[in-house]
RNA sequence: GUGAUCGUAGUUCAGUUGGUUAGAACGCCUGAUUGUGGUUCAGGAGGUCGUGGGUUCGAGUCCCAUCUUUCACCCCA
C-alpha cells in the first residue's frame, strides 16, 4: 500500500478561515448593494447541458468549457470512426458541461420560467464558474462571479444604475482609507463599434475589429493597425480610423467627436445616443462618477453583447478587469424567446480579492470569531463550565468550551492561536465561590466575576 | 493552444565541479512553570529532495518524460 499525496486540480484553491473572512466581506458587500437596487437572488446548477452553453461565447469560449463525461458505458454509443476526431467523439460521450459564466444559464432560466416571472426581472446570482484556461496571474480555473442582470426592458436606466452599483461597491470595499484603489469604469457600446466598421466600409468584420482595437492601450496604435491589416482591412479603411484614435477630452466631448465620424452609420449613431442618454440619466441622479470613462476602444470578448459594455480596471495594480458586463439582445432568442433584452454586470471576486490584498485594503477587525473560551482544570469544572457555556450562548455571546479538561496551558494556547480575546478559567476554587476567573488575553489581566457579571461585561 | 519557469522538513529557503549521515530560520512537540497563552531558556520530533525512467562506482545536483507552480502570448473575471 503506497500512500499517495493529495493534490488539487490545476487552477483551483482551498480557502482557509482567514481567506474566507475576507471573501465574505467582499461577497456580502456586493450582495448588499444588489439588494439595495432591487435585485433578487437565484441559483442555477453547476452543470448545464452542453447545448445550452455551446456557441454562446465564441470559438475560444467553447474550447474553454469543461465537459462532463457521460455516466455508464459511454463508449457503447460511439463508432470506431468517431475516434479519428475529437469533434465527432465529443457529442457522443459528453452532453453536460460546467457553467462558464452566469449570464447564459440565467438566460436559460428566464426562458424556462418565463410564465412565472414578472418582467422586467432583476436577479442577482453569486456562484462559481469554471473555465479550462491555463492559470496565471488573476486567472483561475474555478472562480466566483457575482452577477446582477435586468432582463425584459430596454431602459437605459439599467445601464446607469449599473454604473452607480459599481461605484457603490468599490466605495464600500475600501473600508480602510489609508490606501486606495484607483480604478476606471470603462464604458462603450457595441453599436458604436459596429458603426465604426460600417463607416470605414468593412462591414462584416466586426469581430476582428473588436479584438484588434481592444488591445489599443496595451500594444499601441501602430500594432493595432498592423493587426487590422493582417486581418484583411485595407489601408484606406485603416486610415479612416485616425480621427478615432485621436479622440480625447471628457466623456461628452469624446461622444461628440465619435458622432462626427459616425455620420453615415445609423447603428453607430444609435450607439452614441444610447451612451448620451446614460450620461443624462446619471446627471439626473445628481451623482458624480469621475471614475466613468468613455472608451471607444473597449470591446470585450464575449460575443453576445449588442449594446452598452462595461469593464472595471484597476489603475494602480497590475491586474486585468475586475468587473465587466453589458447589454445583450439576443441571448434568450437562442432558447426560443425573442425580443427580450437584458443588461448586467459581473464582479470577479477572486480578482477583487487579489487587488485588495495587494493594496492591503481590508478592514482590520474583519474576523468574526469566538469571543470567549471556557477552560477547565478537571472534569467537575468542565461539567460546571457547560452550564456557563449555555448561559453565554443564551445571551448570544460567541463562546466555546475546550472539549476536554486537558492541561490548562494547552487550552490557553488554543485561545491564543485562535485569537479569542477572553478566557474563563474554572477550577475547584471558582466552583466554590461562584466567581469565575475572566482573563483578558490581550492585556494579560484577570478578574474574578460571577457568570452574570461576565455576560454583562461581554455583551 | 504556443513559449518560458519552479518544485528540497508543516512554511520560507540554503545545499560548492556529481562524493560520507541533506542543513538553517520560523512553526510544531516536551520541559523549565503540578492554577494560565503570547516573551525567554533547554531539549526533541519531522525529508524515499514533486513523480517515473535513464547516465554513473556514486545523483538533491546531469539527461528524458510527466505532474504541479509562476509568468508572458491568445483569450478572459
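Note that Cβ sites are derived from N, Cα and C of the backbone, with glycine treated the same way.
Between the candidates A:131, A:252, TrEMBL assigns the L-histidine site shared with A:101, A:102, A:103, A:145, A:149, A:300, A:304, A:305 to A:131. Per-residue pLDDT, averaged across the domain 'Aminoacyl-transfer RNA synthetases class-II family profile' (A:1-403), gives 90.
Residue A:300 (L-histidine binding site) falls within neither a helix nor a strand when secondary structure is assigned with DSSP, and so counts as coil.
Within 10 Å of the C-beta of residue A:145 (L-histidine binding site) we count 21 further C-beta atoms, all protein chains included. DSSP classifies residue A:145 (L-histidine binding site) as strand under the three-state reduction.
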